[in-house]
Each structure stands twice: as C-alpha cells, then as structure tokens.
Amino acid sequence: MLILGLETSCDETGVALYDTERGLLAHALFSQVDIHVEYGGVVPELASRDHVRKTLPLIDEVIHEAGVSVTDIDGVAYTAGPGLVGALMVGATLARSLAWGWGVPSLGVHHMEGHLLAPMLEPERPEFPFIALLVSGGHTQLVRVDGIGRYRLLGESLDDAAGEAFDKTAKMLGLPYPGGPHVARLAEKGEPGRFDFPRPMVNRPGLDFSFSGLKTYTLNTVAACRGEGELSERDRCDIARAFEEAVVATLVIKCRRALQQEKLHTLVMAGGVSANANLRAELKRALAKERAEVFYPAPVFCTDNGAMIAYAGAQRLLAGQVDSAEARVRPRWPMDELQPLERAG
Ligand code: ATP
Ligand code: MG
Ligand code: FE
C-alpha cells in the first residue's frame, strides 16, 4: 500500500511517500524559518499562505523522486491536528481533494502520533509496549504505548515544553529561532560546572515536568553576567551548557522513573529535542544501567516531516480506517482520544 503523507501543522511543509512493503520511498521538506525569522516566532497567516504555495510542488517532487505515478498511490494521509488551524486546513483540503480526485481514501493523522511513530522509519524498530518521551516545540510528554493508538499519558509539562525552553534560552543568548540546535552548538564550547542550574521537579514524585522556572533562572544568570555591558562569548557558552545539562538531566531522571514505574525496558524518544546529541548520549548511558534500550528517529525525522505522517497514516489506512465525509481539523486534540488499532503493521 503506497501512501502520500502531508504535514502542514506549523511552519514546515513536509511531504513523503511511504510504502507498507518497501518502506519510505521519498520525502521532501520546506522549512519556513526564513519567512518567520524577522518576527521572532511563527506568524500563522504567513504559515498558511506558504503551505498553499509549497505543498503541490513538493508532492510533484516526491512522486518524481520515488519514480511512481499518481495512479500507484493508494491513500493520502495528512496532519489533522494539533496545530495552527489555518495551516492544518491547507493540508487537509489538499489531501482530501487529491484523494477524491484519485478515487482513494484519505485520513487525518494526529501530529504527535506521527512524532511518536517516527522511530519506526528506522531499520531497528522498537517493539510494543514501550515508554515514549515526546519532546518537541509544543509538547513534553511521557506516554505508555501498548500499540498504535493505545496511549496512556503518564506525565507532561505543567508549563513550557522543553523545545520552547530551548527556544527562549536561545533568544536570551541572542541566537535565532528555532534555537535548540544553536544552543546545543554553544553548549559544546561551554565549561561544565561553572553554573549549577536547578533540575526542576526531580525531587517531587511523579512524571510531570516544569521548565518555566529554569527559564527564569537562565534570565537571572544572563542579567548577572551581563551587568551593564554585553554577555561575553564565554558566558554565553557556559550558560548554554548549564541550561542544556539541566534539561537533559531532568528528562533522563523522569525517563528512568517512567520505565521503573511501568516495569518496561524500552524507551522511544521523538520530537525536535530528541535530535539533541547530549540528550541521546546521556539517555543511552543512564538506560544501559537499567538494561533498557533507547530508540529515536534519524535527526531529519525528529522535527516536523511528512514521512512520519505517511507512516502513521499508512498503518491506520492499512487497518481500514478512512476519513468520514465531514472535513475536520482539530487545533487541540488530546492523544488519548485516538482510536486503538487492532492490526498493527
Ligand atoms: P509540536 O510537535 O509539539 O507541535 P513542533 O512541531 O514545533 O511542536 P518539532 O518540530 O518537533 O516541534 O521540534 C522543534 C523544536 O525542537 C524546537 O523547539 C527546537 O528548538 C527543538 N530542537 C531542534 N533541534 C534541537 C536540538 N538539537 N537540541 C535541542 N532542541 C532542538
Ligand atoms: Mg517547526
Ligand atoms: Fe511537531
């Protein structure tokens, strides 16, 4: 079954072709970062308009790259939420129109299910059940996963998401948006141990997170170092380092706790922050002690992309799920409302 996947929930247009027998055939991505950079964040209306411009050319591109014809496509999956409503509507309308024209089914996919299943695009796939750490720009969640659509939320951030904390720290250090990769690069040059940032909520039981206090701590440290002048390069690197270490340590502690609580030995990490090299290394190190294994997507599939939507959609379309006649997107959509899938592909 050959599935076209469209991702347009935010500021990335992602398109991919996934075949349930042959795997990922092609994927293409256009990031709108340059469009939004002067505003310091994503402007919803500009995002929608650019999805309108980019989606069809990217579809042509993946069809060409995969060497298939449109008549080979068996279904179209698109992100139906959560996300920016206008951006979601562009993907949904295009996907449903194409599917209707081609006489194939379409299906709206949950964006976070897409992230969660992205590690399945790798040659080494995790087996159910596992714990998923979803760390993206808008979400920080620990989820128990017993199969596709069988999700139980164990804990989440009570305020900022981890990615959001990276982005805000980047801003304080004068780095562009999205800040995660920039902060990580500065942190590499930072000296460990100069600042000791708090590890939020690790001493409290439970699996929730909070990153807004860390943000304030970063802001105060920046102000103290700067005084009346500018931050020195050394201060910037050391602050980035201390911030990254605090986030990584917090995430690692909670992941271990979730595995112990659920008596599981497999952890899956997904979402933009899961591209972070230090987080990967520290998790691997900590979980080795627990005889647990960690799986994550290739860096390009950690942030938003069409491949994860094509994959998640393919599993559900293969099991017979299709869109109803009513076109609907859901800017807010709790993942535990998803329908469980009996037949996982
Ligand atoms: P959501 O999926 O919750 O709706 P989103 O789609 O905006 O949010 P993603 O595209 O999954 O989020 O991830 C983007 C986030 O990942 C940004 O906050 C970015 O700073 C962060 N990020 C990307 N690479 C890294 C990295 N190497 N280290 C830390 N953070 C990173
Ligand atoms: Mg993005
Ligand atoms: Fe995302």
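Using N, Cα and C of the backbone, Cβ positions are placed for all residues, glycine too.
From the candidate list D235, D238, D304, the residue TrEMBL records in the Fe cation site shared with H111, H115 is D304. Among the candidates G114, G180, G190, the residue that TrEMBL annotates alongside L134, V135, S136, G137, G138, D167, N276 as binding substrate is G180. Of all the binding-site residues listed (S136, N276), N276 sits in the most crowded Cβ setting, with the most other Cβ atoms within 10 Å. Among the binding-site residues listed (V135, D167, G180, N276, D304), D167, G180, N276, D304 have a CB atom closer than 6 Å to some atom of ligand 1, in sequence order. Neighbour density at the Cβ, taken as the number of other Cβ atoms within 10 Å, is lowest among the binding-site residues L134, V135 for L134. Around the Cβ of H111 (Fe cation binding site), a 10 Å sphere holds 27 further Cβ atoms from the protein chains shown.
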